[in-house]
Amino acid sequence: MLAFPLKFPLFYFFIFSCFGYNSVFCDDNSNIPAIARYFSTKGRYEDVNSYLMEDILAANRSILQLPSAQCHEIHLTAIIRHGTRYPTVKNIKEMHQLYELVQRNASGEESWLREIQTQWRMWYTDDMDGRLVQKGVDDLRHLAVRLSKLFPSLISEQNLRGGLIKFITSSKHRCVNSTLAFKSGLTELWNIQDQEFDHAVNDSLMRFFDRCAKFLQDVDSNPLAVVEVDKFKSGPEMSGVLDKIADRLRVPHSDITYDLAQAAFYLCAYEFAIKTVNSPWCQLFDEHDAEAMEYVHDLKEYWKRGHGYDINSKSSCILFHDVFSRLDRSVLNILDYETVTVQVGHADTLLPLLTLLGFFKDTDALTSTNYATQTQRSFRTSRMLPYAANLLLVLYDCGAGDLRLQPLLNEHSVTFPGLTGQQDSMPLYRDVKERYKDLLQGCDFETECKLFGPSAEG
C-alpha cells in the first residue's frame with residue numbers, strides 16, 4: 001500500500017485498478033481521442049511512449065548503446081515532473097462556466113452533445129485544485145520500476161537501504177506525493193516493509209522560478225512578455241476555432257471566448273489523462289483546432305519558460321550547478337556519496353533547465369505570425385512535458401579515465417546541442433563540461449536574478 005493518504009470515491013478505485021504492476025494497459029485505441037497528441041502539458045506519458053500502452057513496465061533498453069563492454073554507470077540524476085493531477089481552481093471555474101452555458105443554451109441533435117447535456121456531470125470541485133490523482137501516483141510508481149530495470153546497479157535495493165538514493169522534492173503536495181509514489185514503487189518492487197526512506201523538501205532547487213526576482217518582474221508578472229500569445233489568441237487561426245465551437249454548440253459566437261474554448265480542450269484532456277475516457281467534449285475539436293490550441297500553449301511556454309527570454313533559462317542556474325556538482329562528486333568517488341538523485345518538481349522546473357542546456361531551440365522564434373511555418377518545430381510541449389516527464393543524466397565509467405554522460409528525456413535518447421560526432425548520445429564528460437564551460441564558470445543565480453532597475457524585457 002502507498003504510504004500517504006489520497007481521497008478518492010470508491011468508483012475511481014475500479015477505474016484505476018487496471019494500472020496494476022502486472023496488467024496490460026487497459027485502454028484501447030477506441031478510447032484514445034484523435035486529438036490526444038496535442039494536449040501539451042496535460043498529456044499522458046504513455047502517449048509519448050506508445051509501447052507502454054502494451055506493457056506499462058516495459059523498459060526501453062535500446063536507449064542503452066554503450067561504447068564498450070567496460071562501461072558501467074556510476075551515477076544517475078533524475079529530474080522528474082510530478083504525475084497526473086487535477087485541474088487548478090481557475091481551470092475548474094472556467095469548466096463550470098462552459099458547462100452551464102452548454103446546459104442552458106446549446107442545441108442540436110448530435111449524440112455527443114446529448115451525452116453532455118443528459119449524461120455527463122460536472123464532477124470537478126474547487127478542493128481538487130491541482131492535486132495528484134491516483135493515475136499520477138501510478139505514473140511515478142511505474143517510472144521507478146522501469147528505471148530500476150534500466151539501471152539495476154544504481155537503483156537497487158542495496159543502494160536504497162544504504163541511503164545512496166537521495167530524494168528531493170518541491171513543497172507542493174502533488175510533488176511530495178509523487179516523490180512518495182516513486183519510493184513506494186521501489187519498496188513494493190523489493191517488498192521492503194521494515195524501513196522508511198526520507199526525502200528533502202527544497203524549493204530553492206525545485207521551484208527556483210518563484211525566487212528569481214528578475215524573472216518574476218520582467219516575465220511572469222509582465223503582460224508585455226506574452227504579447228505573442230495574446231496576439232495569437234485574437235488572431236485569425238484562433239478566431240476560426242472559436243467560430244467552429246460556437247457553430248457545433250449552436251450558440252452565439254459572442255458567447256465563446258478563448259478561455260471557454262480552453263476549458264473545453266482541458267475537459268477533453270483531463271478526462272483522458274485521469275480516467276482514460278474519450279470524453280464527449282473532445283468532439284468540439286478537429287485536428288486542426290487541436291493544433292492551434294497546442295500552439296497557444298507552446299507560445300506561452302516558449303515566452304514564459306523557454307527560449308523567449310534569457311532570464312527564463314537563467315532562473316535555473318541554481319539547479320544547473322547542483323546537477324553538475326553531483327556529477328563531479330561522483331567522478332571523485334567520494335565515500336558514501338549518493339549514486340542516484342531523484343528530484344521531483346514541475347514542468348516549470350524542467351523546461352527552463354532544458355532551455356538552458358540548449359534543447360529544442362528552433363531556428364526561428366515562435367511568434368503569433370509564423371504558426372503556418374512552425375508545424376515541424378522541435379519546441380513541442382506535448383512531446384517534451386507530459387505528466388511525469390523526466391530528464392535523466394547518467395554518468396558512465398568506461399575505464400582508463402573514459403567518463404561519459406548520457407542524457408535521456410522521457411526514456412528516449414537525446415543529444416546535447418552542439419556535441420556531434422561519434423557516440424553523440426553518450427559524449428565524453430569532459431566534452432560536455434567544455435560545451436557548458438561558460439555556464440559552469442558563471443550562471444550565478446543571485447546575479448542573474450537580481451533586479452537592477454525597471455523591467456528590461458518584454
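Using the three backbone atoms N, Cα and C, a Cβ is placed for every residue, glycine included.
Sequence annotations record features per position, and here TrEMBL assigns disulfide bond to CYS71-CYS398 (among others). Non-local neighbourhood of CYS398 (disulfide bond): LEU66, PRO67, SER68, GLN70, CYS71, ARG404, each in the same chain, at least six residues away, with C-beta under 8 Å from its C-beta.
The Cβ neighbour count for CYS268 (disulfide bond), using a 10 Å radius and every protein chain shown, is 27. If you look up TrEMBL, you'll see CYS268-CYS282 (among others) marked as disulfide bond.
Summarising the annotation, TrEMBL assigns signal peptide to 1-20.
The most densely surrounded of the disulfide-bonded residues CYS71, CYS282 is CYS282 (count of other Cβ atoms within 10 A of its Cβ).
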